[in-house]
Amino acid sequence: MCGIVGAVAQRNIVSVLIEGLRRLEYRGYDSCGVAVLAGGEPKRARSVARVADLDEQVCETRLEGVTGIAHTRWATHGAPVTDNAHPIFSRNELAIVHNGIIENYETLREMLRGKGYEFISQTDTEVIAHLIHSLYHGDLFAAVREATGHLHGAYAIAVLHKSQPHTVVGARQGSPLVVGLGEGENFLASDALALAGSTDRFMFLEEGDVCELTLEKVRVFDRDGKPAERDVRQVAAYGGAVELGPYRHFMQKEIFEQPRAISDTIPQSDVFDASLFGEGAAKAFEEIDSLLVLACGTSYYSGLTAKYWLESIAKIPTQVEIASEYRYRDSVPNPKSLVVVISQSGETADTIAALKHAQSLGHTHTLAVCNVATSAMVRMTELSFLTHAGREIGVASTKAFTTQLVALFVLAATLGKLRGHISAKQEADYIRQLRHLPAALNSVLALEPQIIAWSEEFSRKENALFLGRGLHYPIALEGALKLKEISYIHAEAYPAGELKHGPLALVTEAMPVVTVAPNDALLEKLKSNIQEVRARGGQLYVFADADTKILNDEGLHVIRMPEHYGLLSPILHVVPLQLLAYHTACSRGTDVDKPRNLAKSVTVE
Ligand code: M6R
């Protein structure tokens, strides 16, 4: 989704800004731009193509400057055309880049029109540009602080004004923004990653903060308009660009990285201990009587899977909610419930808002299961467990999902142990099974050639049904999401027992029905569901554990999973579904890593 970079320096910073945008490309965008103060005037270049095209433009036009801002835009208000691309100008004196959505932009636009401001774009951002301009009386920092008082909604902004050639002002509310500190130069970005190579010292701005960057100084005012100190953190982990290596796409690379990612996420310790979740976890875990899990998309499905583990291993009631729904409904808060947010990025706007909502309702015990140590969610929660998937570039989440599952299984086992529901022998067995997972995953990945053969069939279809039962119903949901997200084939998932209550009407020869068939307590029930589909001429594609005795037959295509993995089986069964979606998308020639209309990090509501 949208990305911001800004810089104040004594050298030409255009290459720093462009490199920053390159590093943010993975988030997804549909236009980009850069503005600098050159010869006392703001000058800009914008593109509705890629950052590489923007780079060519700035080289051709020799755009140079010591103070500048840059942006990748994921369209919300107004189509992805050049006029709507950021930076947006106000009267050729002020330039702004913006992430987020301003909810009261229509009212503000009318007010500003009344003051004689002309609107060129369809963006809500232009409202902020003119608003700050209208409030500017020689002090950009003051004008931005005053303007933010009129804005409703979410934003991270970076602004420059031609009368202050060595100043960039930033503000955040609901969208992330970090300050990068240099020697005689300072930077701003929506993600520390954008500034790798320029600095490793960061200040993570808090909600409502407004900051002013000059060559030697950074000033921050908090939401109450008071000067504030923000900790400076050393973040050295941001290396160079991630390489694709022998893979065709990042998604394929990330699928094959799962044995490593899982191995890095499994705790080293031979016991499940509350301290894995941070200081104070033992006390917090003693005080809770239930869990409330909040997440979006794939992370929500990992929460749904975890519910089975938490209730069966730890015997603790668990409620899992889509974050964007929870935040707007009247729920009955239970302060003894542990609120668990699950997120790859830790910056998903809906999940952050749901967490804040839960906190405002009196939930004090909060835990983030997250892949980014410096993210907003990790900073906002009492406890955290970091997944070690490494950077995930493909918009379709894969290794983040399986590492979340590992983290959540560890949570279930830890709570189960604390509550006296698992024996020492059971604990040792779970640890052993976790440790064997990377090897088991490698055997699943070896199924790729068989899955490629199926994907050719799938690429000619327009619809697909996914079935699973129990623990594997969320895996069917995840398989359907993967397929629709990157191949654009309509796919739905059902708990297999629901088939006869409606979706069976869709089953014809043209409808592939993908079934996840582990050898668990529900196998015989699932076999009956398979027969219901076969009897109606449906084409079944079954991922069956080796010992299920489900055999290839007319209308029944089977790929054997190497081994049955008990409670941890969802972590293995999701992998062939990821590969099926991936290869189907490749056959259809879609942009696998950057599927249409989607962004990696969804930082707007
Ligand atoms: O960063 P998060 O895990 O909070 O993101 C949540 C969803 O936006 C994300 O999982 C999305 O559904 C993926 N594109 C699915 O592959």
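Indices start at 1 and increase along the chain as displayed.
Even glycines carry a Cβ here, placed using N, Cα and C.
Per TrEMBL, domain 'Glutamine amidotransferase type-2' is recorded for 2-216.
The active site, nucleophile annotation in TrEMBL covers C2. Annotation for C2 (active site, nucleophile): spatial neighbours R27, Y29, H71, T72, R73, W74, H98, N99, G100, S190, T603, V604, criterion Cβ-Cβ under 8 Å with sequence separation of six or more.
For the domain 'SIS' (281-421), the DSSP counts in helix, strand and coil order read 65 helix, 27 strand, 49 coil. Look at TrEMBL and you will find 281-421 (among others) tagged as domain 'SIS'.
According to TrEMBL, the domain 'SIS' annotation covers 454-595 (among others).
Around the Cβ of K600 (active site, for Fru-6P isomerization activity), a 10 Å sphere holds 23 further Cβ atoms from the protein chains shown. Here TrEMBL flags K600 as active site, for Fru-6P isomerization activity.
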Helix-strand-coil residue split for the domain 'SIS' (454-595), DSSP-based: 71 helix, 32 strand, 39 coil
